[in-house]
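What Swiss-Prot says about this protein:
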ACT_SITE  Tyr49  active site, proton donor
BINDING   20-21, Asp44, 160-161, Gln184, 210-215, 263-269, Asn273  NADP(+) binding site
BINDING   His111  substrate binding site
SITE      Lys78  site 'Lowers pKa of active site Tyr'
Amino acid sequence: MATFVELSTKAKMPLVGLGTWKSSPGQVKEAVKAAIDAGYRHIDCAYVYHNENEVGEAIQEKIKENAVKREDLFIVSKLWATFFEKSLVKKAFQNTLSDLKLDYLDLYLVHWPQGFQAGNALLPKDNKGKVLLSKSTFLDAWEAMEELVDQGLVKALGISNFNHFQIERLLNKPGLKHKPVTNQIESHPYLTQEKLIQYCQSKGIAVTAYSPLGSPDRPYAKPEDPVVMEIPKIKEIAAKHKKTVAQVLIRFHVQRNVVVIPKSVTPSRIQENLQVFDFQLSEEDMAAILSFNRNWRACDLLDARTEEDYPFHEEY
């Protein structure tokens, strides 16, 4: 079966990529090198992960070793929400590009639909704890990002954490030059996202699933939170296929033609997470996994939930 999705630009995006959120700078370099050695060609990055410099070092070392060519890699990064002012977009992008030590990106995403006040704080708040928004919106940021495509610095643009109303606003923007090719969203058995995935795919927008394993290592996890990796029925499906739970959770997305970016810094797991193209989940398996949906999010940025353009109040 295909190991990539074809984007609306005709570029091929590998279905499984390495996620780097929560990978500490000390570990992420070795993780990226192990991933490239294991056959990964898609690396998902972001300014806000504070580790793009090390990711870039790993990519450069592998290119120098002739382990991989730049044109065979698919490198993604994201514009953080404090850089929506047009004058700031290019600076933020150049920071990312120089940290990654590349001369172009394959895909550049708007990381979050709300614009936050520019400055050093990633989530700026007033003294009452209220999140401070920017006067600039994702539509302003998009115009500046389109210039990066026109200049040959980025091959394609996308979005992340957008609901379908926000996507409609972008698609209907007067003078839109470059359509979003992908929407990167949280998805796993407790957040199956069927309606949003169907909507995106119907518009020619590929979907990438982040936190496919339920983000068990998120720093703010509460003891009562559900644990995706511990669902007995999914353990049963994994045993039946002689696969790990993680492999089943990754395969679940691959079979929906959804790109998936599991994060790991452990070489054996990094390898294992790519070994999902040699088995098939049955219709019953897929239906069983989908049945666990409860619209539970590991990543909800609740601090911003009372502000305009918060994406998760809508059904999809």
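Note: Cβ is positioned from N, Cα and C throughout, glycine not excepted.
Structural mapping of features recorded in Swiss-Prot.
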{"residue": "Thr20", "record": "NADP(+) binding site", "Cβ neighbours (10 Å)": "26"}
{"residue": "Tyr49", "record": "active site, proton donor", "Cβ neighbours (10 Å)": "22"}
{"residue": "Lys78", "record": "site 'Lowers pKa of active site Tyr'", "Cβ neighbours (10 Å)": "25"}
{"residue": "His111", "record": "substrate binding site", "Cβ neighbours (10 Å)": "21"}
{"residue": "Ser160", "record": "NADP(+) binding site", "Cβ neighbours (10 Å)": "22"}
{"residue": "Tyr210", "record": "NADP(+) binding site", "Cβ neighbours (10 Å)": "23"}
{"residue": "Leu213", "record": "NADP(+) binding site", "Cβ neighbours (10 Å)": "22"}
{"residue": "Lys263", "record": "NADP(+) binding site", "Cβ neighbours (10 Å)": "24"}
{"residue": "Thr266", "record": "NADP(+) binding site", "Cβ neighbours (10 Å)": "13"}
{"residue": "Arg269", "record": "NADP(+) binding site", "Cβ neighbours (10 Å)": "16"}
Which binding-site residues sit within 10 Å of Tyr49 (active site, proton donor) - Cα, from Thr20, Ser160, Arg269: Thr20
Tyr210 (NADP(+) binding site): secondary structure state under DSSP, collapsed to three categories: strand
Alpha-carbon distance [Lys78 (site 'Lowers pKa of active site Tyr'); Leu213 (NADP(+) binding site)] in Å: 21
Rounded inter-Cα distance in Å - Lys78 (site 'Lowers pKa of active site Tyr'), the residue listed as 'substrate binding site': 5
Arg269 (NADP(+) binding site) to His111 (substrate binding site) - Cα separation in whole Å: 26
DSSP three-state assignment (helix, strand or coil) for Arg269 (NADP(+) binding site): helix
DSSP three-state assignment (helix, strand or coil) for Ser160 (NADP(+) binding site): strand
Assigned conformation of Thr20 (NADP(+) binding site) - DSSP reduced to three states: coil
Three-state secondary structure, the residue listed as 'active site, proton donor' (per DSSP): helix
